[in-house]
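The domain 'RNase III' feature in Swiss-Prot is assigned to 5-127; the stated evidence is sequence analysis. According to Swiss-Prot, the Mg(2+) binding site annotation covers Glu40, Asp113, Glu116. The annotation active site is assigned in Swiss-Prot to Asp44, Glu116 on the grounds of sequence analysis. The domain 'DRBM' annotation in Swiss-Prot covers 154-224 and rests on sequence analysis.
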Amino acid sequence: MTQNLERLQRQIGYQFNQPALLKQALTHRSAAVKHNERLEFLGDAILNFIIAEALYHQFPKCNEGELSRMRATLVREPTLASLARQFELGDYLSLGPGELKSGGFRRESILADCVEAIIGAISLDSDLATTTKIVQHWYQAQLKQIQPGDNQKDPKTRLQEYLQGKRLPLPTYNVVEIKGEAHCQTFTVECYVKNIDRTFMGSGASRRKAEQAAAEKILQLLEMK
């Protein structure tokens, strides 16, 4: 484990003074009493601040709404899970038997939460300036690529605005299935749009994420027309 953590620390670009903090950040609540949820809470707040400050300086002419949408894009689950895969965090996670069996080391929500927990752990092990430097390095490519615009809006918002612009009825969303235990549920939602006369399905770790997935499928169809 020590050798593995040394490798991980090289990958994330930070050497812990208190390795126990890193170990805790990698521990899912299904595996132990001392898990990473409190670190995740802290890391989420710090990440939002770091990204908000970076965007504030990078886009001096953008308004609050544009900055908020760009920040949401950069701190959302898929972006964090992508970082986790770059660091191969799935190889280091401590999971309970149930999560191991269900492939929790690949689940985006668990990977994203772990990235936030590591940020929280780094902040406790060092200081805000050091944490900011590390996180900005992780986000170097994303911060260079991101631009304000409609593409920063989430799929549900974009779909609603598209339909409103054409004076069409808004979509309806219904949960059709919930699988798994309370701490690792998967929601399946159907979305119906009257003028298309088709039902689209989406799945996710929450109802909101499932609705977003379904809306994204409809948008892909509309953009092909």
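Every residue, even glycine, has its Cβ placed from backbone N, Cα and C.
Per-residue pLDDT, averaged across the domain 'DRBM' (154-224), gives 86. The Mg(2+) site is set by Glu40, Asp113, Glu116; from the centre of their CB atoms, other residues of the chain with a CB within 8 Å are Asn36, Glu37, Leu39, Phe41, Gly43, Asp44, Ala112, Cys114, Val115, Ala117, Gly120.
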